[in-house]
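Feature annotations, courtesy of TrEMBL:
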type: TRANSMEM; residues: 12-37; note: transmembrane segment
type: TRANSMEM; residues: 58-74; note: transmembrane segment
type: TRANSMEM; residues: 94-112; note: transmembrane segment
type: TRANSMEM; residues: 124-143; note: transmembrane segment
type: TRANSMEM; residues: 149-169; note: transmembrane segment
C-alpha cells in the first residue's frame, strides 16, 4: 500500500470525476439564482433551507481547506489512519466548498431584494443554527490546549453531515404542503444529483487503486454527503415530475395553483417559470 497512486489511469480518472463533480455541483447553484432573478421573486424557495445550507457549506469549507492546506493537520491524519494513507480531500473539494459558500450567500442576498411574500426564517431554524455555532465555538476552546485540530475539523465535518441531512427537509415539506415545486429549481436538483453520484464514484476509484476503504470512513463526511444528496435529490425529482408536475399555459408559463396562493399576497403576481 502506498500514499501515492498505483495506477496512472485511475489517478487520471479520479481527477476527471472530481472536477466534473465540481462543475456539476458548482453549476447546480445557478439555476436557482437565475430563476430568482427572472421572477424577481423568491416565493417558493424555503428560507430555512438557505440558512441551514449556508451553515453546512461554511462548515464543509473549514474542514476541506484545513485538511488540504495544513501540513500539521495532515500529519495528525496520518498519525490516526497510517502514514501510507492518502489525504481524502482533493483540490476540487476545496474549490467546490468556496464556491458553494459564495453562491449560497448571494442567494441569501436575493431574499432581501426580491419579493418574498409571507415567507420568513423559522424560529426552529434560528435555534438550530445558534446551537450549532455555539457548539463549534465550545469545541474550538476545547481543542486549543492540545492543538487537536484534526478532531476539531472532524467536528465541522460532522456539522456539515448533520446540516445536509436536515437542510432539505423544510423545502420538501413546503413542496408537500403547497403541492407544487414552483419557485424551486429542478435544474439545481439534477446537477446536484450528478455531483453526488460522481463524488461517490471518485472515492470508489481511490479505494480500488489503494485496495482499502479507509478513504470512505477516514472522510465519512464526504461519504455521507454523497449518499444524503442522492437520497433527497431523488425525492425532489419525484415531487417535481411525478407528484406535483407543473402545468403550463399555451405560452409555456406555469399556471399557479390555488394551493400556492397562501405564500403570495394578493397584489403579488410574480412570473412563474421553473428552470
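Counting begins at 1 with the first residue displayed.
Cβ coordinates are placed from backbone N, Cα and C, and glycine is handled just like the others.
Within the chain, the transmembrane segment (94-112) has long-range Cβ neighbours (under 8 A, six or more residues past its boundaries) at 21-22, 25-26, 29-30, 32-33, 36-37, 42, 45, 47, 50-51, 53-54, 57-58, 60-61, 64-65, 68-69. Across 12-37, 58-74, 149-169, the stretch most heavily in contact with the transmembrane segment (124-143), judged by Cβ pairs under 8 Å, is 149-169. Long-range neighbours of the transmembrane segment (58-74) within the same chain, counting only residues 6 or more positions beyond its ends whose Cβ lies under 8 Å from a Cβ of the stretch, are 87-91, 93-94, 97-98, 100-101, 136, 147, 149-150, 153-154, 156-157, 159-160, 163, 221, 225.
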